[in-house]
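As written in TrEMBL, here are the features:
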BINDING   His287, His291  Zn(2+) binding site
DOMAIN    1-185  domain 'CAAX prenyl protease 1 N-terminal'
DOMAIN    188-306  domain 'Peptidase M48'
REGION    254-273  region 'Disordered'
TRANSMEM  80-104  transmembrane segment
TRANSMEM  131-149  transmembrane segment
TRANSMEM  155-176  transmembrane segment
Amino acid sequence: QRRVYRTTTHVPWELGQIMDSETFEKSRLYQLDKSTFSFWSGLYSEVEGTMILLCGGIPFLWNLSGQISGRAGFGPEYEIVQSLVFLLLATLFSALTGLPWSLYNTFVIEEKHGFNQQTLGFFFKDAIKKFVVTQCILLPVTSLLLYIIKIGGDYFFIYAWLFTLVVSLVLVTIYADYIAPLFDKFIPLPEGELKQEIEVMAKSIDFPLTKVYVVEGSKRSSHSNAYFYGFFKNKRIVLFDTLLEDYSALNKEPAEGADGENEETKSKTKNKKQGCKNEEVLAVLGHELGHWKLGHTIKNIIISQVS
């Protein structure tokens with residue numbers, strides 16, 4: 001793949017009518033940089049994991065967790081408490097060792113190619129918030145899982161599997177309504193031509209659409225995306241504001257003296273408008289709805305659970 005990025009310097013004839021050479025070159029160079037970053041970060045991860053195993057990092061962290069929980073009045077019989085301390089320390093270590101890579105990816109690669117919209121302050125505030133929210137979910141779920149393993153007897157793995165299946169389905173259901181809004185602002189897509197066209201397309205494939213939201217992704221990145229979520233007859237569609245030419249904050253002039261979140265978002269003036277026209281948005285959304293129509297989501301869940 002990397003060789004293709006390096007050697008394909010001209011627009012392939014299949015794309016000749018829909019992509020200009022400047023856009024293609026920008027995309028090629030971006031993917032080349034991402035490929036390099038992926039290689040070195042992946043290599044570091046492998047080396048780090050191997051060194052932790054060879055140097056006894058896991059037993060060391062387990063013993064340290066026992067000492068910390070012991071000082072808090074929880075002896076060796078409190079295995080779940082020690083396990084939660086272990087997990088907290090392990091995720092903290094992982095977050096700290098991954099931080100330089102995340103900073104480089106955001107403020108060097110994404111910045112170089114014009115995608116980054118974050119300030120350093122926003123980045124760290126976001127990272128801390130993600131860590132705290134993750135712990136609030138991870139620690140209670142893990143404690144219940146460990147309890148099930150302790151009382152499950154010879155067939156503990158079946159009960160543990162059913163528990164993790166239920167947790168994963170619950171998280172998928174509540175993520176967009178209760179977790180994602182902690183990080184980004186979601187607003188209903190206003191009435192208009194685009195919303196009508198989305199509803200018509202959804203109806204044409206019997207997609208049970210209930211709401212369409214726009215999420216404020218522009219304060220992090222100028223990348224665009226769209227996704228749907230929800231089970232059974234309660235499906236919602238989410239569009240990134242960067243996907244929409246009429247709603248992208250990157251197309252608007254920042255207000256003078258603006259404070260709050262706008263202060264932390266680096267709005268960059270561009271010659272070309274950010275976002276897509278309605279028919280292009282529908283094409284992107286059509287791809288996502290195609291996953292639903294072809295049952296890819298359900299198939300992936302079944303395959304992963306069998307595995």
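Placement of Cβ uses the backbone N, Cα and C atoms for every residue, glycine included.
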Binding-site residues listed as His287, His291, least Cβ neighbours within 10 Å: His287
Intrachain neighbours beyond the transmembrane segment (131-149), with Cβ under 8 angstroms and 6 or more residues off its ends: 79-80, 83-84, 87-88, 91-92, 95, 156, 159-160, 163-164, 167, 171, 179, 182
Overall pLDDT for the domain 'Peptidase M48' (188-306), taken as the rounded mean: 79
